[in-house]
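Novice: Structure in structure tokens, see below.
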Amino acid sequence: MKQERKMHFQEGRRAQQQLENGFKQLENSKRKFERDCREAEKAAQTAERLDQDINATKADVEKAKQQAHLRSHMAEESKNEYAAQLQRFNRDQAHFYFSQMPQIFDKLQDMDERRATRLGAGYGLLSEAELEVVPIIAKCLEGMKVAANAVDPKNDSQVLIELHKSGFARPGDVEFEDFSQPMNRAPSDSSLGTPSEGRPELRGPGRIRTKRWPFGKKNKTVVTEDFSHLPPEQQRKRLQQQLEERSRELQKEIDQREALKKMKDVYEKTPQMGDPASLEPQIAETLSNIERLKLEVQKYEAWLAEAESRVLSNRGDSLSRHARPPDPPASAPPDSSRNSGSQDTKESSEEPPLEESQDTPIYTEFDEDFEEEPTSPIGHCVAIYHFEGSSEGTISMAEGEDLSLMEEDKGDGWTRVRRKEGGEGYVPTSYLRVTLN
């Protein structure tokens with residue numbers, strides 16, 4: 001309609017331009033007729049004056065009469081041309097105002113009426129869509145109201161605590177350190193601070209206890225491969241996750257190796273299907289990946305065992321420490337009978353403990369962990385086939401079941417989903433019809 005409107009205006013401008021050109025031609029012919037009339041009248045007066053002059057020759061009189069006749073003839077032609085041009089302009093002007101312009105205005109009116117009709121239809125469709133959506137919105141608001149009334153803050157907070165608990169043991173009572181007996185002085189096992197004069201604390205097998213203020217200022221932590229920068233419970237969860245991922249990758253490489261071996265056997269039995277030597281680089285690469293993943297699995301298993309023992313140790317220390325009454329201030333540490341020489345020998349024989357920043361708050365690490373573990377679905381999917389999740393990490397699903405997509409396929413043929421009644425796990429990607437948000 002915008003192009004149609006533009007075309008009608010251009011048509012009107014062209015018709016008006018033609019009428020303006022006709023008016024200019026009329027004005028030119030009118031001025032020419034006026035000029036020729038003045039010239040003819042002047043020539044006639046000159047001829048009459050010479051005819052009455054007794055001193056004028058006959059030749060001058062004849063020449064003046066011829067000039068007057070010529071000017072009169074030119075004025076007559078200009079008159080006829082002016083009359084024809086005037087008649088043509090009046091005809092064009094009547095056609096412009098009584099035919100062309102009404103037609104153009106009728107076209108513009110028809111276009112605008114069609115535009116108004118379409119706008120009315122559009123607003124009608126909009127109103128119908130809004131009326132259809134209003135019940136859905138009302139239902140959503142009602143569901144939000146029901147969900148708001150069903151909020152269980154106690155349960156939600158317990159779920160959050162269980163998901164992100166640190167696993168650190170609570171510190172025990174600060175013991176009295178007797179500086180009057182320098183040879184027998186030893187740092188307490190429950191002290192939160194560091195000993196003076198730069199001497200390391202004895203914290204059991206290879207550990208140093210540092211201050212863990214829950215509400216301290218956050219410092220930037222260095223992320224380590226074994227997640228030792230995280231609290232014990234969070235470290236255990238992340239190591240378990242990494243171990244499961246490495247195990248899946250290892251199983252995938254093993255399956256690929258078996259497939260390559262079978263293909264090589266087929267090529268050896270039927271050489272026309274392919275060259276067995278062409279599979280050697282792929283088999284070698286797969287074996288290399290298997291060895292690398294086995295080492296990584298062993299490494300993560302060792303780290304996970306250490307983290308689990310640390311969590312259990314912290315739980316046991318915390319329970320035993322708070323179950324017994326506090327020691328009297330004057331009690332001597334259990335190793336006070338040892339001299340400084342034996343202490344130096346023990347300190348030098350032990351491996352250097354893993355140092356931590358003393359002012360690093362306990363919650364700094366898993367504040368960042370919140371951002372790395374999204375819990376909202378990234379899409380939804382429908383099960384095309386039935387699947388029975390019998391192995392660890394998988395989940396069962398029925399044909400036609402609607403599922404929430406939690407993690408896309410990373411190339412291993414498995415997708416992590418969540419069922420409506422609860423429970424997450426991996427299912428084959430080829431068994432799903434996936435739609436991302």
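The backbone N, Cα and C atoms fix where each Cβ goes, glycine too.
Please treat TrEMBL annotations as automatic predictions, because they have not gone through curation.
What TrEMBL records for this protein is below:
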- 1-14: compositional bias 'Basic and acidic residues' (COMPBIAS)
- 1-75: region 'Disordered' (REGION)
- 1-156: domain 'F-BAR' (DOMAIN)
- 27-52: compositional bias 'Basic and acidic residues' (COMPBIAS)
- 172-215: region 'Disordered' (REGION)
- 181-194: compositional bias 'Polar residues' (COMPBIAS)
- 206-215: compositional bias 'Basic residues' (COMPBIAS)
- 229-306: domain 'REM-1' (DOMAIN)
- 229-254: region 'Disordered' (REGION)
- 243-254: compositional bias 'Basic and acidic residues' (COMPBIAS)
- 314-377: region 'Disordered' (REGION)
- 365-374: compositional bias 'Acidic residues' (COMPBIAS)
Novice: Average the pLDDT scores across the domain 'F-BAR' (1-156) and report the rounded value.
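Specialist: That region's mean pLDDT is 92.
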Novice: For the compositional bias 'Basic and acidic residues' (243-254), could you work out the same-chain residues 6 or more beyond its ends whose Cβ comes under 8 Å from its Cβ atoms?
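Specialist: Same-chain residues near the compositional bias 'Basic and acidic residues' (243-254) but 6 or more away: 286, 289-290, 293-294, 296-297, 300-301, 304, 393, 412-414.
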Novice: Could you give me the DSSP helix, strand and coil counts for the compositional bias 'Basic and acidic residues' (243-254)?
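Specialist: Across the compositional bias 'Basic and acidic residues' (243-254), the residues distribute as 12 helix, 0 strand, 0 coil.
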Novice: Report the DSSP secondary-structure composition of the region 'Disordered' (1-75) as helix, strand and coil residue counts.
Specialist: 69 helix, 0 strand, 6 coil
Novice: In the domain 'REM-1' (229-306), how many residues does DSSP call helix, how many strand, and how many coil?
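Specialist: Taking the domain 'REM-1' (229-306) as a whole: 72 helix, 0 strand, 6 coil.
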